[in-house]
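Remarks on the structure that follows.
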Amino acid sequence: MATLGVNIDHIATIRQARRTVEPDPVAAAVLAELGGADGITVHLREDRRHIQDRDVQLLRHTVRTHLNLEMAATDEMVGIALDIKPDYVTLVPEKREEVTTEGGLDIVGQIARIGEVVSKLQNAAIPVSLFIDAEPSQIEASVKVQAKFIELHTGRYAEATDETSRQQELAFLAAGCEQAIKAGLRVNAGHGLTYWNVYPVAALPGMEELNIGHTIISRAALVGIERAVREMKQAIRGE
């Protein structure tokens with residue numbers, strides 16, 4: 001069964017809304033791990049709208065599971081990753097005007113640049129995951145740039161408005177997962193997953209880890225982080 005990476009970006013979103021010092025993402029990560037998180041994920045955006053550089057530096061020293069740093073494939077972010085050395089990096093697309101990450105990274109259209117970044121990071125013993133749509137061409141390109149992981153973008157599945165569409169999107173994810181594993185990639189998934197839709201994705205053969213943030217932080221506002229994480233672990237198990 002898939003493990004759970006808890007994205008704590010929106011703890012920082014609340015903090016940055018008032019430009020204050022609380023709530024503290026580092027404390028949130030500790031509580032998430034106490035609740036059973038198998039990993040902690042943060043996205044250091046170029047505009048620093050939520051997670052800050054200092055957060056990542058502190059998390060590198062305090063996270064006891066593993067730290068997944070989401071970032072754009074820019075020289076600045078590569079330098080930060082090489083300095084901090086997270087347990088692994090997930091390369092994601094990024095637009096300043098977006099509310100959250102929209103769609104997967106286009107590996108096919110920028111294969112030389114992505115290949116260069118993957119090489120730099122993995123030569124420094126930092127495994128790289130690529131956040132992509134489950135398109136056969138994107139999976140093939142991910143193999144070509146020698147990434148260790150892909151993270152399948154589950155947004156269309158999560159946003160499906162009827163059962164027929166949802167099942168079509170799930171089948172698309174399943175096919176992508178199977179193709180990637182056969183090609184030697186390890187497979188994670190995330191984006192838009194909730195307590196109510198997570199199990200079918202978690203149950204896909206070979207799925208390793210689900211990176212989930214917004215729904216857990218929303219639930220945590222009502223019941224606390226530890227309980228919210230425990231409940232997501234139960235949902236992943238289909239309980």
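Glycine too: its Cβ is placed from the backbone N, Cα and C atoms.
According to Swiss-Prot, the feature active site, proton acceptor maps to HIS43 (among others).
Among the features that Swiss-Prot reports, active site, proton acceptor is placed at GLU70 (among others), with the record citing sequence analysis. Secondary structure at GLU70 (active site, proton acceptor), as computed by DSSP, is strand.
Residues or ranges marked as active site, proton donor in Swiss-Prot (evidence: sequence analysis): HIS191.
Annotation source Swiss-Prot lists 3-amino-2-oxopropyl phosphate binding site at ASN7, ARG18, GLY192, GLY213, HIS214, citing sequence analysis. Listed in sequence order, VAL6, ASN7, ILE8, ASP9, HIS10, THR41 are the same-chain residues six or more apart from GLY213 (3-amino-2-oxopropyl phosphate binding site) with CB atoms under 8 A from its CB. A coil conformation is recorded for GLY213 (3-amino-2-oxopropyl phosphate binding site) in the three-state DSSP classification, outside any helix or strand.
The 1-deoxy-D-xylulose 5-phosphate binding site annotation in Swiss-Prot covers ASP9, HIS10, ARG45, HIS50, THR100. Counting every protein chain shown, the Cβ of HIS50 (1-deoxy-D-xylulose 5-phosphate binding site) has 21 other Cβ atoms within 10 Å.
Feature annotation from Swiss-Prot assigns site 'Transition state stabilizer' to GLU151; the stated evidence is sequence analysis. Residue environment of GLU151 (site 'Transition state stabilizer') contains 28 other Cβ atoms, counted within 10 Å of its Cβ in all protein chains.
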*Hey, of HIS43, ARG45, GLU70, which of those recorded positions are within 10 Å of HIS214 (3-amino-2-oxopropyl phosphate binding site), Cα to Cα?*
none
*Quick one, of the recorded positions ARG18, HIS191, HIS214, which Cβ has the fewest other Cβ within 10 Å?*
ARG18
*Would you identify the secondary structure of ARG18 (3-amino-2-oxopropyl phosphate binding site) according to DSSP, in three states?*
helix
*Might you list, by sequence position, any residue in that chain lying six or more from GLU70 (active site, proton acceptor) with a Cβ less than 8 Å away from its Cβ?*
ASN7, THR41, VAL42, HIS43, LEU44, VAL89, THR90, LEU91, VAL92, PHE131
_So among ARG18, ARG45, HIS50, GLU151, all listed as recorded positions, which is physically nearest to HIS191 (active site, proton donor)? Use the C-alpha atoms._
GLU151
